[in-house]
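Below is one structure; the comments refer to it alone.
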Amino acid sequence: MKIGDILRKGVFSISFEFFPPKTEEGERQLFETIRKLEKLNPTFVSVTYGAGGSTRDRTRNIVQKIHEETNLTVMAHLTCIAHTREELIDILQDYKNIGIENILALRGDVPRDKPDWRPPKGACKYAKELVELIRKEFGDWFSIGVASYPEGHPESPNLEWEVKYFKEKVEAGADFSITQMFFVNDYYYRFVEMCKNAGIDISIIPGIMPITNFKQIRKFASLCGATIPQSLIEKLEKVEDKPEEVKKIGIEFAINQCLDLIEHGVPGLHFYTLNKSDATLKIYEAIKDKIPARST
C-alpha cells in the first residue's frame, strides 16, 4: 500500500521508525518490538539507512523480513550521497522486485571525521536529485517521502531557504514528508504555515522522539539542531541519575506534545522508537481516544 495514497485520503497516520540491528540478538529484540507495536495497526513502519550506505544489506534484509513476515506496510529509507546513480537504481530495482512501494529519499550525512571526503562521481548530491532519479527511472511505482526540518537543517542558512529547498523536493515528486524530531510544537506550526504560504500542499507528519535517556537525547538534539525547552531540561537535570524518573517525565512530555499536535489537526504522528516499544505504547495508550478515526 502506498503511503502517499493513504495520506491523500485524509487518513490519520500512526507510524514507527526502526533501525537495522548489528547482531542476531538485536534483531530478535527488534522483532519482539515490532510484534508489540503491530497490534496498534500502524499506517506504516520505516527502517533507517546508515551513513554512507553502511547498513545497505541490513536495511534491505530487515525491510524484506517485515514485508514478508508481518502485515505491516514498510518504507525503506535510502540515502544517496555515498552512492553512484547506478548503485541507487540497483537498490531501488531490488526493492521493487520484492514488492516494496515506499521509499524515504534522503541525502545522508557527510562524514564529519573525513574532511577530504567527496561524493562518488555522478552521485546524487541532494535529496531532490534522488527524488528526481526515482521518478525518472521508476515512474509512480514508489510513493516517495522526504525529510523536513521545522527548525531548519543544521546546514541551512535560514528557514526561508529551508522552505524553498523543501518545495524543490516536493516539485521533484515527493508525496509526503516526515519531520526531524522537535520538542517545541510552535516551531512545527510556524514551518507548516510557511510551507502553505509557499504553495506546498503535501502532508507534513511530525516526528516524535520520546525522551527516555536524557544524555542520549541531548546529543541527538544537538546534532540535528532541535531545541529542548529550558523548563524540560531543568526537570530532567534534577533526575538525571534516576532513569525511571527521566523516562516518566519524557513520556509525560511526549503525551502532552502529541495531544496538542492532534488538537491542531496534524496529518499523523511518526514515532522514533529506537527499536523499543515501551515508551511508544504508553504514549499511544494515553492519546488513543483523541486520535481521529483511522479507517481507509
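Each Cβ is built from the backbone N, Cα and C atoms, and glycine gets one as well.
Close to GLU17 (active site, proton donor/acceptor) in the fold, though at least 6 residues off in sequence, lie VAL45, SER46, VAL47, THR48, GLY207, HIS270, PHE271, TYR272, THR273, each with a CB less than 8 Å from its CB. In the three-state DSSP reading, GLU17 (active site, proton donor/acceptor) counts as strand. The feature active site, proton donor/acceptor is assigned by Swiss-Prot to GLU17.
Around the Cβ of THR48 (NADH binding site), 19 further Cβ atoms fall within 10 Å across all displayed protein chains. Per Swiss-Prot, the feature NADH binding site maps to THR48, GLN180; the stated evidence is similarity to another entry.
The Cβ of TYR49 (FAD binding site) has 26 other Cβ atoms within 10 Å, all protein chains considered. The FAD binding site feature in Swiss-Prot is assigned to TYR49, ALA51, HIS77, ARG107, GLY108, ASP109, ALA127, TYR149, HIS153, GLU162, LYS169; the stated evidence is similarity to another entry.
Taken from Swiss-Prot, the feature (6S)-5-methyl-5,6,7,8-tetrahydrofolate binding site covers ASP109, GLN180, GLN216, LYS276. DSSP gives GLN216 ((6S)-5-methyl-5,6,7,8-tetrahydrofolate binding site) a helix state.
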Express in Å, rounded to the nearest integer, the largest CA to CA distance found among the (6S)-5-methyl-5,6,7,8-tetrahydrofolate-binding residues ASP109, GLN180, GLN216, LYS276 named in the record.
24
Where among the binding-site residues GLN180, GLN216 do you find the Cβ with the fewest other Cβ atoms within 10 Å?
GLN216
Please report how many Å separate the Cα atom of HIS153 (FAD binding site) from that of GLN180 (NADH binding site), as a whole number.
9
